[in-house]
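Engineer: Please find one structure pasted underneath; my questions will follow.
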Amino acid sequence: MIFSTLEHILTHISFSVVSIVITIHLITLLADEFVELYDSSEKGMITTFFCITGLLVTRWIFLGHLPLSDLYESLIFLSWSFSIIHMVPYFKKHKNFLSAITAPSTFFTQGFATSGLLTDMHQSEILVPALQSQWLMMHVSMMILGYAALLCGSLFSVAFLVITFRKIIRIFDKSNNLLNNSFFFSEIQYMAERKNVLRNISFLSSRNYYRFQLIQQLDDWGYRIISIGFIFLTIGILSGAVWANEAWGSYWNWDPKETWAFITWTIFAIYFHIRTNKKLEGFHSAIVASIGFLLIWICYFGVNLLGIGLHSYGSFTLTISI
């Protein structure tokens, strides 16, 4: 009873705090001068992190195993992973470009986890025999951390595409009364090969320069985070294969979850291969990462919605009451 009450309190505190953080972010977008509000939002995410950590630890103590056995618990762990990614730039004293991605991601995953759809999963249950293995912590935690990092990195790529797909960007200063012109991403790629081109061309507006800088930062941050996520995903798949061999006598069974995990891994492997070519990095790799974003959600939710295959533990069915 005490554990259930504590879990209930921590769940709602974490969701309430991250909701306030989102509101603060929206205010700071409208008015940049509210520096104190920005600091408050960062502290709010730290509070959210500790609340979710407390929730996971409470459930871990009560159940006797790491809470990663169903969709509800994995969503909580996913929210926790997003909050960790959010805090990395903060503690390194860097400007937190991740906050626009990680805070909403934490909000939506935490909101879905606490929604009425997963009410039946909130109750603590004994772990099914197939999941009673030391590989549970290794495999599932690596997969969820990989999903979190890949989702964040892919969202940076989506933002990259949104900015670069703007039809017209004026590159001449209006004060010079010169002919207005525009450039598309092929020109951005050309400039990307020469990092200081925008600095050396005096008639380019500062607005276009900072847009270019933002594009470069989105591409760089996306690449870094996807690299980390890809490592976690690879470790998760390999540890899952070892676990499968111990449990079912085969490293790979082409289970729906395994198949989509392999497809997701392949897409991001293609992403890294594309980035080895300087002429293709940026725009083309961002398209591949955006496809990977969709595949991750298919891999993560697909089996849980269908409730089939060897990975259908903790799946849920949507019930409609009339």
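Heads up, the Cβ atoms here are built off N, Cα and C, so glycines get one too.
Features from Swiss-Prot:
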TRANSMEM  9-29  transmembrane segment
TRANSMEM  44-64  transmembrane segment
TRANSMEM  71-91  transmembrane segment
TRANSMEM  97-117  transmembrane segment
TRANSMEM  143-163  transmembrane segment
TRANSMEM  225-245  transmembrane segment
TRANSMEM  254-274  transmembrane segment
TRANSMEM  286-306  transmembrane segment
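I would like each feature placed in context: is it buried or exposed, what are its neighbours, and how far apart are things?
Structural biologist: Using a Cβ-Cβ cut-off under 8 Å and counting only residues 6 or more beyond its ends in the same chain, the transmembrane segment (9-29) has close neighbours at 37-38, 40-41, 44-45, 47-48, 51-52, 54-55, 58, 79, 99-100, 103-104, 106-107, 110-111, 113-114.
Within its own chain, the transmembrane segment (44-64) is flanked in space by residues 3, 6-7, 10-11, 13-14, 17-18, 20-21, 24, 73, 76-77, 79-80, 83-84, 86-87, 90, 99, 102-103, 106, 110, 124, 127, which lie at least six positions past its ends and keep a Cβ under 8 Å from the stretch.
Below 8 angstroms of C-beta separation, residues 85, 98, 133, 135-136, 138-143, 145-154, 156-157, 251-253, 258, 261-262, 264-265, 268-269, 271-272, 289, 310 of the same chain, each at least six residues beyond the ends of the transmembrane segment (225-245), sit close to that stretch.
Here the transmembrane segment (286-306) has Cβ contacts under 8 Å with residues 71, 147, 150-151, 153-155, 157-158, 160-161, 164, 219, 222, 226, 256-257, 260-261, 263-264, 267-268, 270-271, 274, 312, 314-316 of the same chain, all six or more residues outside its ends.
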